[in-house]
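*Asks:* Here it is, the structure in full.
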């Protein structure tokens, strides 16, 4: 089965590149140049690049390391993204097999691979690295390898903001086989160390441990807001009198539907019949809260890629074959369309 999954994961990436403008175009769009800049120059407090402090350091750092000072950063970034997607997908499958059947585990992986925004896994974005580290940290904790799991989670925390949420699920899982006195000091060390590294980067560049917070608010329009405010704002844009254009579709309807559905499927995930592990549900719940706790919701369809339990819940909901077929057709169609748009610099979350 692993060989078949490997072939499927590779084919899913080839199809995405086939509909794109060209392969390198997936390293040129939207936030991609920001990560490439960080890989080449690191953080700075000068010019527009001063705003890049909000991008966490591990992914650009790895691009720098693997380029060896010889290879093109764009090529290296795409190689790493695809490598981590394949490795992450296979480890995610192994994680799923601990609790679920082969058939169900394969379905979850397929749903994730053909999700409308899964082209980000093959772009110069850290989503694939995040999937790899997320799956590995949980797999290791399920096998009771505490130190290895916590060390992996530290790297996860330095990959995407959602990484900070992994610590509670790991804590819950670790207590099932270990005493608190053994777990607490170790998990505290790794968790605080990863946070401290990022804060020290902020301080070294800005002489301000929380510089990222101010830049997020002032330059990226991200500030705390209760979830319902952001969701209602998205629905206002969707249902407003504005003519149909990219803004209405992507910032209005797409964000409104995604954030609303993300919340609506939380209650079913707690049902025992669904058999979804408590730690996974808690991670998903915290992720949805984090994703929508802003006055202006943006990129939520992409953020779902950082919430892998979403695809477990989705697979549970798509119980009947007719629903599966309908969703697969919709999802693949949207994936191809968005991949086409993204590679040409058009709005694609």
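From the backbone N, Cα and C atoms, a Cβ is placed for every residue, glycine too.
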*Asks:* For the record in TrEMBL, which of the ranges 71-92, 203-224, 225-246 is the transmembrane segment one?
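*Replies:* That would be 71-92, the stretch labelled transmembrane segment in TrEMBL.
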*Asks:* Going along the chain, which residues at least six beyond the ends of the transmembrane segment (104-125) come within the CB cut-off of under 8 Å?
*Replies:* 1, 5, 8-9, 12-13, 16-17, 20, 26-29, 31-32, 35-36, 59, 74, 77-78, 81-82, 85, 89, 92-93, 96-97, 131, 301-302, 304-305, 308, 311-312, 314-315, 318, 324, 327-328, 331-332, 334-335, 338-339, 342, 348-349
*Asks:* Counting only residues 6 or more past its boundaries, what in the same chain has a CB within less than 8 Å of a CB in the transmembrane segment (325-343)?
*Replies:* 15-16, 19-22, 25-26, 29-30, 111, 114-119, 123, 314, 318, 349
*Asks:* Hey, which bits of the same chain come close to the transmembrane segment (180-201), Cβ under 8 Å, at least six residues off its ends?
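*Replies:* Same-chain contacts beyond the ends: 43, 53, 56-57, 146-147, 150-151, 153-155, 157-158, 163-164, 167, 170-171, 174, 209-210, 212.
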